[in-house]
Amino acid sequence: MTREGWIRLLVIAAAVGALEIACRTGWIPMTVVLPPSAMATSLWDILVSGTHWNDILVSLRSVVAAAVIAVVLGFLVGAVIHAAPVVRGAVEPLLASYYAVPTFMFYPVFIILFGVGPGAIIAIAVLLAIVSMISATLVGLDRIPTVLGKTARIMRLGPVERALEISLPAAMPYLFTGIKLSVAYAFIGVIASEFILSGAGMGYAIAYAYNNFNNREMYGLMLLIVLVVTVVNTALDTVDRRLQARLRR
Amino acid sequence: MTVVALAEVASVMPADDHHARLAGVTRVFGRPGSPNCVHALGPIDLDLRRGEFFSVVGPSGCGKSTLLDVLAGLAKPTEGTAEFEGRPIDGVPAGVGVVFQEDASFPWLTVADNVAFGLRRAGVDAAEVTRRVDYAVGFMGLKAFAGAYPAQLSGGMRQRVCIARTLVMQPRLILLDEPFGALDQQTRLLMGDELLRLWRETSATVLLITHALDEAAMLSDRVGVMSARPGVFIDVLETGWDVDRDSRIVSHPRFGDLTGHLWEKLRAESLKHMREN
(Lines of atoms letter the chains of each structure in order from A and count residues from 1; the text may use other names and numbers.)
(Lines give C-alpha, C1' and ligand atoms only; values in the text may rest on other atoms or scores of the structure.)
Protein backbone atom coordinates (compact mmCIF):
# COMPACT_ATOMS: atom_id res chain seq x y z
CA MET A 1 0.00 0.00 0.00
CA THR A 2 1.18 3.56 -0.72
CA ARG A 3 2.04 6.09 1.97
CA GLU A 4 -1.13 8.01 1.13
CA GLY A 5 -3.09 4.76 1.49
CA TRP A 6 -1.74 4.18 4.99
CA ILE A 7 -2.50 7.76 6.00
CA ARG A 8 -6.05 7.39 4.61
CA LEU A 9 -6.54 4.20 6.61
CA LEU A 10 -5.19 5.90 9.72
CA VAL A 11 -7.63 8.83 9.31
CA ILE A 12 -10.59 6.41 8.97
CA ALA A 13 -9.41 4.32 11.94
CA ALA A 14 -8.98 7.48 14.02
CA ALA A 15 -12.50 8.71 13.14
CA VAL A 16 -14.06 5.31 13.92
CA GLY A 17 -12.04 5.08 17.16
CA ALA A 18 -13.07 8.61 18.20
CA LEU A 19 -16.75 7.81 17.57
CA GLU A 20 -16.41 4.56 19.54
CA ILE A 21 -14.88 6.41 22.52
CA ALA A 22 -17.41 9.28 22.31
CA CYS A 23 -20.31 6.78 22.37
CA ARG A 24 -18.85 4.49 25.02
CA THR A 25 -18.03 7.37 27.41
CA GLY A 26 -21.56 8.74 27.03
CA TRP A 27 -20.43 11.96 25.35
CA ILE A 28 -22.75 11.00 22.50
CA PRO A 29 -25.83 9.19 23.90
CA MET A 30 -26.28 5.67 22.49
CA THR A 31 -29.94 6.52 21.83
CA VAL A 32 -28.65 8.95 19.18
CA VAL A 33 -25.63 7.16 17.65
CA LEU A 34 -24.46 3.61 18.25
CA PRO A 35 -20.74 2.94 18.70
CA PRO A 36 -19.20 1.49 15.50
CA SER A 37 -18.55 -1.86 17.23
CA ALA A 38 -22.29 -2.19 18.01
CA MET A 39 -23.10 -1.28 14.37
CA ALA A 40 -20.75 -4.04 13.22
CA THR A 41 -22.36 -6.59 15.58
CA SER A 42 -25.80 -5.57 14.38
CA LEU A 43 -24.69 -5.93 10.75
CA TRP A 44 -23.30 -9.38 11.50
CA ASP A 45 -26.62 -10.42 13.08
CA ILE A 46 -28.56 -9.06 10.07
CA LEU A 47 -26.39 -11.04 7.65
CA VAL A 48 -26.44 -14.25 9.70
CA SER A 49 -30.19 -14.17 10.43
CA GLY A 50 -30.93 -13.47 6.76
CA THR A 51 -33.91 -11.25 7.66
CA HIS A 52 -32.88 -8.55 5.18
CA TRP A 53 -31.43 -10.59 2.33
CA ASN A 54 -34.51 -9.85 0.26
CA ASP A 55 -34.12 -6.08 0.89
CA ILE A 56 -30.46 -6.26 -0.09
CA LEU A 57 -31.27 -8.12 -3.31
CA VAL A 58 -34.14 -5.76 -4.19
CA SER A 59 -31.90 -2.71 -3.78
CA LEU A 60 -28.94 -4.18 -5.66
CA ARG A 61 -31.20 -5.27 -8.52
CA SER A 62 -32.59 -1.75 -8.83
CA VAL A 63 -29.10 -0.21 -8.66
CA VAL A 64 -27.79 -2.53 -11.41
CA ALA A 65 -30.86 -1.89 -13.60
CA ALA A 66 -30.65 1.90 -13.13
CA ALA A 67 -26.87 1.99 -13.73
CA VAL A 68 -27.10 -0.13 -16.88
CA ILE A 69 -29.97 1.93 -18.32
CA ALA A 70 -28.22 5.22 -17.44
CA VAL A 71 -24.89 4.10 -18.96
CA VAL A 72 -26.36 2.71 -22.19
CA LEU A 73 -28.89 5.52 -22.74
CA GLY A 74 -26.43 8.18 -21.57
CA PHE A 75 -23.79 6.95 -23.98
CA LEU A 76 -26.23 6.83 -26.91
CA VAL A 77 -27.66 10.29 -26.17
CA GLY A 78 -24.11 11.65 -25.68
CA ALA A 79 -22.95 10.17 -28.99
CA VAL A 80 -25.97 11.62 -30.86
CA ILE A 81 -25.46 15.07 -29.29
CA HIS A 82 -21.75 14.90 -30.13
CA ALA A 83 -22.53 14.12 -33.76
CA ALA A 84 -24.87 17.13 -34.05
CA PRO A 85 -22.95 20.31 -33.06
CA VAL A 86 -26.04 22.55 -33.43
CA VAL A 87 -28.03 20.36 -31.00
CA ARG A 88 -25.03 20.30 -28.69
CA GLY A 89 -24.78 24.08 -28.64
CA ALA A 90 -28.44 24.27 -27.63
CA VAL A 91 -28.42 21.45 -25.08
CA GLU A 92 -25.05 21.80 -23.35
CA PRO A 93 -26.04 24.75 -21.08
CA LEU A 94 -29.04 22.69 -19.93
CA LEU A 95 -26.79 19.75 -19.09
CA ALA A 96 -24.43 22.03 -17.18
CA SER A 97 -27.23 23.26 -14.91
CA TYR A 98 -29.03 19.90 -14.69
CA TYR A 99 -27.77 18.98 -11.23
CA ALA A 100 -29.22 22.21 -9.84
CA VAL A 101 -32.65 20.56 -10.22
CA PRO A 102 -33.68 18.43 -7.21
CA THR A 103 -34.64 15.34 -9.22
CA PHE A 104 -36.50 13.72 -6.30
CA MET A 105 -39.28 16.29 -6.54
CA PHE A 106 -40.50 14.39 -9.62
CA TYR A 107 -41.41 11.34 -7.55
CA PRO A 108 -45.21 11.90 -7.80
CA VAL A 109 -44.88 11.90 -11.59
CA PHE A 110 -43.08 8.56 -11.52
CA ILE A 111 -45.63 7.05 -9.13
CA ILE A 112 -48.34 8.00 -11.63
CA LEU A 113 -46.30 6.53 -14.50
CA PHE A 114 -44.91 3.37 -12.87
CA GLY A 115 -46.83 2.93 -9.61
CA VAL A 116 -45.18 2.43 -6.21
CA GLY A 117 -42.30 -0.01 -6.65
CA PRO A 118 -39.08 -0.68 -8.52
CA GLY A 119 -40.20 1.03 -11.78
CA ALA A 120 -40.48 4.46 -10.20
CA ILE A 121 -37.31 3.93 -8.14
CA ILE A 122 -35.26 2.92 -11.16
CA ALA A 123 -36.67 5.85 -13.15
CA ILE A 124 -35.58 8.38 -10.51
CA ALA A 125 -32.14 6.77 -10.23
CA VAL A 126 -31.74 6.83 -14.03
CA LEU A 127 -32.78 10.47 -14.10
CA LEU A 128 -30.16 11.22 -11.47
CA ALA A 129 -27.37 9.23 -13.15
CA ILE A 130 -27.87 9.69 -16.89
CA VAL A 131 -26.52 13.23 -17.27
CA SER A 132 -23.16 12.30 -15.77
CA MET A 133 -22.86 9.62 -18.47
CA ILE A 134 -23.95 12.03 -21.23
CA SER A 135 -21.34 14.58 -20.08
CA ALA A 136 -18.61 11.91 -19.81
CA THR A 137 -19.45 10.68 -23.33
CA LEU A 138 -19.18 14.22 -24.74
CA VAL A 139 -15.82 14.77 -22.99
CA GLY A 140 -14.55 11.33 -24.07
CA LEU A 141 -15.46 11.81 -27.72
CA ASP A 142 -14.01 15.34 -27.68
CA ARG A 143 -10.70 14.08 -26.33
CA ILE A 144 -10.04 11.52 -29.05
CA PRO A 145 -6.89 12.93 -30.70
CA THR A 146 -7.50 14.02 -34.30
CA VAL A 147 -4.42 12.08 -35.36
CA LEU A 148 -6.10 8.79 -34.36
CA GLY A 149 -8.94 9.59 -36.77
CA LYS A 150 -6.37 10.21 -39.51
CA THR A 151 -4.60 6.96 -38.59
CA ALA A 152 -7.89 5.08 -38.88
CA ARG A 153 -8.35 6.52 -42.38
CA ILE A 154 -4.79 5.56 -43.34
CA MET A 155 -5.55 2.02 -42.13
CA ARG A 156 -8.69 2.20 -44.28
CA LEU A 157 -11.09 1.41 -41.44
CA GLY A 158 -14.80 1.78 -42.18
CA PRO A 159 -17.03 3.96 -39.94
CA VAL A 160 -18.19 1.02 -37.76
CA GLU A 161 -14.67 -0.43 -37.36
CA ARG A 162 -13.35 3.05 -36.63
CA ALA A 163 -16.00 3.58 -33.93
CA LEU A 164 -15.43 0.18 -32.31
CA GLU A 165 -11.68 -0.23 -32.71
CA ILE A 166 -10.43 3.36 -32.36
CA SER A 167 -13.00 5.83 -30.98
CA LEU A 168 -14.45 3.60 -28.26
CA PRO A 169 -11.15 2.45 -26.72
CA ALA A 170 -9.66 5.94 -27.11
CA ALA A 171 -12.60 7.48 -25.24
CA MET A 172 -12.87 4.62 -22.71
CA PRO A 173 -10.97 6.26 -19.81
CA TYR A 174 -13.44 9.18 -19.92
CA LEU A 175 -16.45 6.92 -20.50
CA PHE A 176 -15.46 4.85 -17.51
CA THR A 177 -15.49 7.96 -15.32
CA GLY A 178 -19.10 8.35 -16.47
CA ILE A 179 -19.81 4.70 -15.60
CA LYS A 180 -18.32 5.19 -12.14
CA LEU A 181 -20.40 8.30 -11.50
CA SER A 182 -23.54 6.62 -12.89
CA VAL A 183 -23.15 3.72 -10.45
CA ALA A 184 -22.67 6.15 -7.56
CA TYR A 185 -25.73 8.19 -8.57
CA ALA A 186 -27.74 4.99 -9.10
CA PHE A 187 -26.99 3.97 -5.49
CA ILE A 188 -28.01 7.40 -4.19
CA GLY A 189 -31.16 7.44 -6.34
CA VAL A 190 -32.28 3.93 -5.40
CA ILE A 191 -31.62 4.06 -1.65
CA ALA A 192 -33.12 7.55 -1.27
CA SER A 193 -36.20 6.64 -3.36
CA GLU A 194 -36.78 3.51 -1.33
CA PHE A 195 -37.44 5.71 1.70
CA ILE A 196 -40.56 7.09 0.02
CA LEU A 197 -41.46 4.84 -2.89
CA SER A 198 -41.04 1.28 -1.74
CA GLY A 199 -42.21 -1.58 0.44
CA ALA A 200 -38.84 -3.34 0.18
CA GLY A 201 -35.13 -2.58 -0.21
CA MET A 202 -32.40 -1.33 2.07
CA GLY A 203 -33.69 2.27 2.07
CA TYR A 204 -37.15 1.06 3.03
CA ALA A 205 -35.68 -1.22 5.76
CA ILE A 206 -33.75 1.72 7.27
CA ALA A 207 -36.88 3.91 7.26
CA TYR A 208 -38.91 1.04 8.80
CA ALA A 209 -36.33 0.50 11.56
CA TYR A 210 -36.21 4.26 12.23
CA ASN A 211 -40.00 4.51 12.48
CA ASN A 212 -40.01 1.60 14.96
CA PHE A 213 -37.21 3.06 17.12
CA ASN A 214 -35.00 0.08 16.18
CA ASN A 215 -31.72 1.97 16.33
CA ARG A 216 -29.56 -1.16 16.33
CA GLU A 217 -30.97 -2.49 13.06
CA MET A 218 -31.02 0.96 11.47
CA TYR A 219 -27.31 1.52 12.10
CA GLY A 220 -26.46 -2.05 11.04
CA LEU A 221 -28.18 -1.45 7.69
CA MET A 222 -26.52 1.94 7.29
CA LEU A 223 -23.13 0.33 7.84
CA LEU A 224 -24.00 -2.32 5.27
CA ILE A 225 -24.79 0.34 2.64
CA VAL A 226 -21.58 2.22 3.41
CA LEU A 227 -19.56 -1.00 3.07
CA VAL A 228 -21.25 -2.09 -0.18
CA VAL A 229 -20.80 1.35 -1.75
CA THR A 230 -17.16 1.48 -0.63
CA VAL A 231 -16.37 -1.97 -2.07
CA VAL A 232 -18.11 -1.21 -5.40
CA ASN A 233 -16.49 2.21 -5.66
CA THR A 234 -13.02 0.85 -4.81
CA ALA A 235 -13.34 -1.81 -7.51
CA LEU A 236 -14.48 0.74 -10.10
CA ASP A 237 -11.78 3.15 -8.96
CA THR A 238 -9.07 0.52 -9.50
CA VAL A 239 -10.18 0.01 -13.11
CA ASP A 240 -10.55 3.78 -13.57
CA ARG A 241 -7.01 4.44 -12.37
CA ARG A 242 -5.60 1.80 -14.68
CA LEU A 243 -7.39 3.36 -17.64
CA GLN A 244 -6.30 6.87 -16.64
CA ALA A 245 -2.68 5.70 -16.29
CA ARG A 246 -2.68 4.78 -19.98
CA LEU A 247 -3.63 8.35 -20.85
CA ARG A 248 -0.68 9.86 -18.99
CA ARG A 249 1.80 11.06 -21.58
CA MET B 1 26.29 20.04 -55.29
CA THR B 2 23.80 20.43 -58.07
CA VAL B 3 20.71 22.54 -57.91
CA VAL B 4 18.17 21.61 -60.51
CA ALA B 5 14.83 23.24 -61.18
CA LEU B 6 11.97 20.79 -60.68
CA ALA B 7 10.70 21.14 -64.24
CA GLU B 8 14.11 20.11 -65.56
CA VAL B 9 14.29 17.15 -63.17
CA ALA B 10 10.88 15.94 -64.29
CA SER B 11 11.74 16.28 -67.94
CA VAL B 12 14.86 14.11 -67.75
CA MET B 13 13.25 11.25 -65.79
CA PRO B 14 11.99 8.17 -67.59
CA ALA B 15 8.23 7.71 -67.29
CA ASP B 16 8.37 4.37 -65.41
CA ASP B 17 10.63 5.95 -62.79
CA HIS B 18 7.67 7.92 -61.41
CA HIS B 19 6.30 6.35 -58.27
CA ALA B 20 3.93 9.13 -57.31
CA ARG B 21 3.06 12.26 -59.22
CA LEU B 22 1.27 15.53 -58.59
CA ALA B 23 0.40 17.60 -61.64
CA GLY B 24 -0.97 21.12 -61.26
CA VAL B 25 -2.33 20.29 -57.81
CA THR B 26 -3.97 23.13 -55.89
CA ARG B 27 -5.87 23.02 -52.63
CA VAL B 28 -8.28 25.78 -51.71
CA PHE B 29 -10.17 25.81 -48.40
CA GLY B 30 -13.56 27.51 -48.27
CA ARG B 31 -15.80 28.68 -51.08
CA PRO B 32 -13.86 30.53 -53.83
CA GLY B 33 -14.57 34.26 -53.56
CA SER B 34 -15.82 34.06 -49.95
CA PRO B 35 -13.91 36.11 -47.33
CA ASN B 36 -12.69 32.98 -45.49
CA CYS B 37 -11.42 31.28 -48.66
CA VAL B 38 -7.77 30.22 -48.26
CA HIS B 39 -5.59 29.21 -51.18
CA ALA B 40 -3.30 26.82 -49.26
CA LEU B 41 -1.34 25.06 -51.94
CA GLY B 42 -0.14 25.10 -55.48
CA PRO B 43 -0.21 24.77 -58.32
CA ILE B 44 2.29 22.02 -57.50
CA ASP B 45 4.06 19.61 -59.82
CA LEU B 46 5.98 16.79 -58.19
CA ASP B 47 7.39 13.52 -59.47
CA LEU B 48 8.62 11.18 -56.79
CA ARG B 49 11.14 8.70 -58.18
CA ARG B 50 10.78 5.10 -57.13
CA GLY B 51 12.93 4.44 -54.06
CA GLU B 52 14.12 8.00 -53.50
CA PHE B 53 14.17 9.93 -50.23
CA PHE B 54 12.53 13.28 -50.91
CA SER B 55 12.15 15.98 -48.28
CA VAL B 56 9.96 19.06 -48.40
CA VAL B 57 10.93 22.18 -46.46
CA GLY B 58 9.06 25.46 -46.37
CA PRO B 59 7.85 28.25 -44.10
CA SER B 60 5.14 27.49 -41.55
CA GLY B 61 1.68 27.36 -43.09
CA CYS B 62 2.95 26.97 -46.66
CA GLY B 63 0.86 23.85 -47.27
CA LYS B 64 3.50 21.13 -46.66
CA SER B 65 1.10 18.97 -44.68
CA THR B 66 -1.67 19.61 -47.20
CA LEU B 67 0.66 18.29 -49.90
CA LEU B 68 1.18 15.14 -47.83
CA ASP B 69 -2.57 14.79 -47.24
CA VAL B 70 -3.15 14.87 -51.00
CA LEU B 71 -0.54 12.15 -51.60
CA ALA B 72 -1.96 10.08 -48.73
CA GLY B 73 -5.45 10.33 -50.17
CA LEU B 74 -6.67 12.15 -47.04
CA ALA B 75 -7.51 15.27 -49.06
CA LYS B 76 -8.61 15.77 -52.65
CA PRO B 77 -6.93 18.39 -54.79
CA THR B 78 -9.14 21.32 -55.71
CA GLU B 79 -7.50 21.27 -59.14
CA GLY B 80 -4.94 19.04 -60.81
CA THR B 81 -4.26 15.33 -60.55
CA ALA B 82 -2.53 13.08 -58.03
CA GLU B 83 -1.28 9.62 -58.99
CA PHE B 84 0.34 6.72 -57.18
CA GLU B 85 1.86 3.88 -59.20
CA GLY B 86 0.10 5.14 -62.29
CA ARG B 87 -3.39 5.21 -60.76
CA PRO B 88 -5.29 8.34 -59.70
CA ILE B 89 -5.35 8.74 -55.92
CA ASP B 90 -8.94 8.40 -54.73
CA GLY B 91 -9.03 7.66 -51.03
CA VAL B 92 -6.03 6.18 -49.20
CA PRO B 93 -4.17 3.96 -51.70
CA ALA B 94 -2.96 0.50 -50.70
CA GLY B 95 0.81 0.49 -50.23
CA VAL B 96 0.98 3.94 -48.63
CA GLY B 97 2.03 4.37 -45.00
CA VAL B 98 1.97 7.61 -43.04
CA VAL B 99 3.76 8.66 -39.85
CA PHE B 100 2.41 11.85 -38.29
CA GLN B 101 4.10 14.41 -36.05
CA GLU B 102 1.60 13.82 -33.25
CA ASP B 103 1.79 10.65 -31.22
CA ALA B 104 -0.57 8.28 -33.03
CA SER B 105 0.16 5.19 -30.95
CA PHE B 106 -2.94 3.54 -29.47
CA PRO B 107 -2.65 4.03 -25.69
CA TRP B 108 -4.90 1.05 -24.91
CA LEU B 109 -2.64 -1.44 -26.73
CA THR B 110 0.83 -2.72 -25.89
CA VAL B 111 3.72 -1.93 -28.22
CA ALA B 112 3.44 -5.36 -29.89
CA ASP B 113 -0.34 -5.05 -30.31
CA ASN B 114 0.05 -1.53 -31.68
CA VAL B 115 2.47 -2.80 -34.30
CA ALA B 116 0.28 -5.83 -35.09
CA PHE B 117 -2.95 -3.78 -35.41
CA GLY B 118 -2.90 -3.21 -39.16
CA LEU B 119 -1.73 -6.76 -39.95
CA ARG B 120 -4.51 -8.36 -37.88
CA ARG B 121 -7.07 -6.13 -39.57
CA ALA B 122 -5.72 -7.17 -42.96
CA GLY B 123 -6.33 -10.83 -42.02
CA VAL B 124 -2.67 -11.83 -42.07
CA ASP B 125 -2.28 -15.22 -40.35
CA ALA B 126 -1.10 -15.28 -36.74
CA ALA B 127 2.33 -16.82 -37.37
CA GLU B 128 3.13 -14.23 -40.03
CA VAL B 129 1.88 -11.42 -37.75
CA THR B 130 4.22 -12.62 -34.98
CA ARG B 131 7.15 -12.89 -37.38
CA ARG B 132 6.67 -9.44 -38.88
CA VAL B 133 5.94 -7.76 -35.55
CA ASP B 134 9.02 -9.34 -33.92
CA TYR B 135 11.13 -8.12 -36.80
CA ALA B 136 9.73 -4.56 -36.81
CA VAL B 137 9.86 -4.25 -33.01
CA GLY B 138 13.47 -5.49 -33.03
CA PHE B 139 14.38 -3.26 -35.98
CA MET B 140 13.13 -0.18 -34.13
CA GLY B 141 14.94 -1.19 -30.91
CA LEU B 142 11.75 -1.83 -28.98
CA LYS B 143 12.22 -5.53 -28.20
CA ALA B 144 12.48 -4.96 -24.43
CA PHE B 145 9.30 -2.88 -24.50
CA ALA B 146 7.06 -5.15 -26.61
CA GLY B 147 4.72 -5.69 -23.66
CA ALA B 148 4.77 -2.06 -22.46
CA TYR B 149 1.99 0.47 -23.01
CA PRO B 150 2.76 3.76 -24.83
CA ALA B 151 2.28 5.75 -21.60
CA GLN B 152 5.33 3.94 -20.23
CA LEU B 153 7.54 5.08 -23.13
CA SER B 154 9.29 8.34 -24.01
CA GLY B 155 8.10 10.51 -26.91
CA GLY B 156 10.87 9.21 -29.18
CA MET B 157 10.03 5.58 -28.40
CA ARG B 158 6.33 6.16 -29.07
CA GLN B 159 7.24 7.63 -32.43
CA ARG B 160 9.29 4.49 -33.09
CA VAL B 161 6.18 2.43 -32.32
CA CYS B 162 4.30 4.41 -34.97
CA ILE B 163 7.13 3.90 -37.47
CA ALA B 164 7.20 0.16 -36.68
CA ARG B 165 3.42 0.02 -37.17
CA THR B 166 3.88 1.56 -40.61
CA LEU B 167 6.90 -0.61 -41.41
CA VAL B 168 5.12 -3.96 -40.82
CA MET B 169 2.58 -3.12 -43.50
CA GLN B 170 5.48 -3.08 -45.98
CA PRO B 171 4.42 0.20 -47.64
CA ARG B 172 5.92 1.13 -50.97
CA LEU B 173 5.48 4.83 -50.29
CA ILE B 174 6.15 6.16 -46.78
CA LEU B 175 4.92 9.67 -45.99
CA LEU B 176 6.32 11.33 -42.89
CA ASP B 177 4.77 14.54 -41.58
CA GLU B 178 7.40 16.11 -39.31
CA PRO B 179 7.71 12.86 -37.37
CA PHE B 180 10.55 14.13 -35.19
CA GLY B 181 9.18 17.65 -34.69
CA ALA B 182 8.49 17.09 -30.99
CA LEU B 183 11.85 15.44 -30.21
CA ASP B 184 15.12 16.95 -28.99
CA GLN B 185 18.02 17.50 -31.40
CA GLN B 186 20.12 14.46 -30.37
CA THR B 187 17.14 12.10 -30.52
CA ARG B 188 16.20 13.56 -33.89
CA LEU B 189 19.66 12.80 -35.32
CA LEU B 190 19.51 9.23 -34.06
CA MET B 191 15.95 8.77 -35.29
CA GLY B 192 17.17 10.09 -38.63
CA ASP B 193 19.73 7.26 -38.71
CA GLU B 194 17.01 4.73 -38.01
CA LEU B 195 14.86 6.23 -40.72
CA LEU B 196 17.71 5.92 -43.24
CA ARG B 197 18.25 2.32 -42.17
CA LEU B 198 14.54 1.63 -42.63
CA TRP B 199 14.55 3.30 -46.04
CA ARG B 200 17.48 1.19 -47.25
CA GLU B 201 15.92 -1.96 -45.81
CA THR B 202 12.47 -1.48 -47.38
CA SER B 203 13.53 0.19 -50.65
CA ALA B 204 10.38 2.27 -50.24
CA THR B 205 9.96 5.75 -51.62
CA VAL B 206 10.01 8.25 -48.77
CA LEU B 207 8.53 11.73 -48.64
CA LEU B 208 9.48 13.64 -45.50
CA ILE B 209 7.87 16.92 -44.49
CA THR B 210 10.13 18.81 -42.12
CA HIS B 211 10.88 22.30 -40.88
CA ALA B 212 14.46 21.30 -39.96
CA LEU B 213 16.84 22.17 -42.78
CA ASP B 214 19.65 20.02 -41.32
CA GLU B 215 17.32 17.02 -41.17
CA ALA B 216 16.34 17.52 -44.81
CA ALA B 217 19.96 17.98 -45.91
CA MET B 218 21.14 14.90 -44.02
CA LEU B 219 18.41 12.44 -44.93
CA SER B 220 17.40 13.23 -48.48
CA ASP B 221 18.37 12.46 -52.04
CA ARG B 222 16.42 15.54 -53.04
CA VAL B 223 14.99 18.45 -51.09
CA GLY B 224 12.06 20.49 -52.40
CA VAL B 225 11.89 24.06 -51.10
CA MET B 226 8.42 25.55 -50.92
CA SER B 227 7.37 29.19 -51.01
CA ALA B 228 5.15 30.92 -48.45
CA ARG B 229 1.42 30.25 -48.87
CA PRO B 230 0.14 29.31 -51.37
CA GLY B 231 3.05 26.85 -51.41
CA VAL B 232 4.74 26.11 -54.70
CA PHE B 233 8.19 24.57 -55.24
CA ILE B 234 10.73 27.34 -55.74
CA ASP B 235 13.70 24.98 -55.88
CA VAL B 236 14.64 21.31 -55.80
CA LEU B 237 18.08 20.41 -54.55
CA GLU B 238 19.96 17.20 -55.36
CA THR B 239 22.08 16.38 -52.30
CA GLY B 240 24.31 13.80 -53.99
CA TRP B 241 24.78 11.68 -50.84
CA ASP B 242 25.59 7.96 -50.99
CA VAL B 243 22.81 5.56 -50.14
CA ASP B 244 24.83 4.33 -47.13
CA ARG B 245 24.86 7.72 -45.39
CA ASP B 246 24.12 8.31 -41.72
CA SER B 247 24.06 11.22 -39.27
CA ARG B 248 27.87 11.46 -39.27
CA ILE B 249 27.64 13.36 -42.57
CA VAL B 250 26.75 16.45 -40.55
CA SER B 251 30.52 16.97 -40.19
CA HIS B 252 30.99 16.78 -44.00
CA PRO B 253 31.80 20.21 -45.52
CA ARG B 254 29.08 19.70 -48.15
CA PHE B 255 26.46 19.38 -45.40
CA GLY B 256 27.09 23.00 -44.42
CA ASP B 257 26.84 24.08 -48.06
CA LEU B 258 23.54 22.24 -48.46
CA THR B 259 21.89 23.69 -45.34
CA GLY B 260 23.31 27.12 -46.23
CA HIS B 261 21.81 26.89 -49.69
CA LEU B 262 18.45 25.73 -48.33
CA TRP B 263 18.35 28.64 -45.88
CA GLU B 264 19.31 31.08 -48.60
CA LYS B 265 16.29 29.93 -50.61
CA LEU B 266 13.98 29.80 -47.62
CA ARG B 267 14.93 33.02 -45.82
CA ALA B 268 12.97 35.39 -48.03
CA GLU B 269 9.91 33.11 -47.92
CA SER B 270 10.07 32.77 -44.14
CA LEU B 271 10.34 36.56 -43.80
CA LYS B 272 7.33 36.94 -46.05
CA HIS B 273 5.38 34.50 -43.85
CA MET B 274 6.47 36.32 -40.69
CA ARG B 275 5.43 39.74 -42.02
CA GLU B 276 2.03 38.42 -43.15
CA ASN B 277 1.30 36.89 -39.75
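Just so it is clear, glycine is given a Cβ too, placed from its N, Cα and C backbone atoms.
What TrEMBL annotates here:
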type: DOMAIN; residues: A:56-240; note: domain 'ABC transmembrane type-1'
type: TRANSMEM; residues: A:63-84; note: transmembrane segment
type: TRANSMEM; residues: A:96-114; note: transmembrane segment
type: TRANSMEM; residues: A:120-141; note: transmembrane segment
type: TRANSMEM; residues: A:183-206; note: transmembrane segment
type: TRANSMEM; residues: A:218-239; note: transmembrane segment
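Stretch with the largest number of CB pairs closer than 8 A to the transmembrane segment (A:63-84), among A:96-114, A:120-141, A:183-206, A:218-239: A:120-141. Most Cβ pairs under 8 A with the transmembrane segment (A:218-239) among the ranges A:96-114, A:120-141, A:183-206 are made by A:183-206. Counting only same-chain residues 6+ beyond the ends of the transmembrane segment (A:120-141), those with a CB under 8 A from a CB of the stretch are 62-63, 65-67, 69-71, 73-75, 77-79, 81-82, 88, 92, 95, 98-99, 103-104, 106-107, 110-111, 113-114, 167, 171-175, 177-179, 181-183, 185-186, 188-190, 193-194, 197-198, 201. Panel annotation: around the transmembrane segment (A:183-206), residues 52, 54-56, 58-59, 62-64, 66-67, 70, 103-104, 107, 110-111, 116-118, 120-122, 124-129, 132, 217-218, 221-222, 224-225, 229, 232-233, 236 of the same chain, lying at least six beyond its termini, place a Cβ under 8 Å from a Cβ of the stretch.
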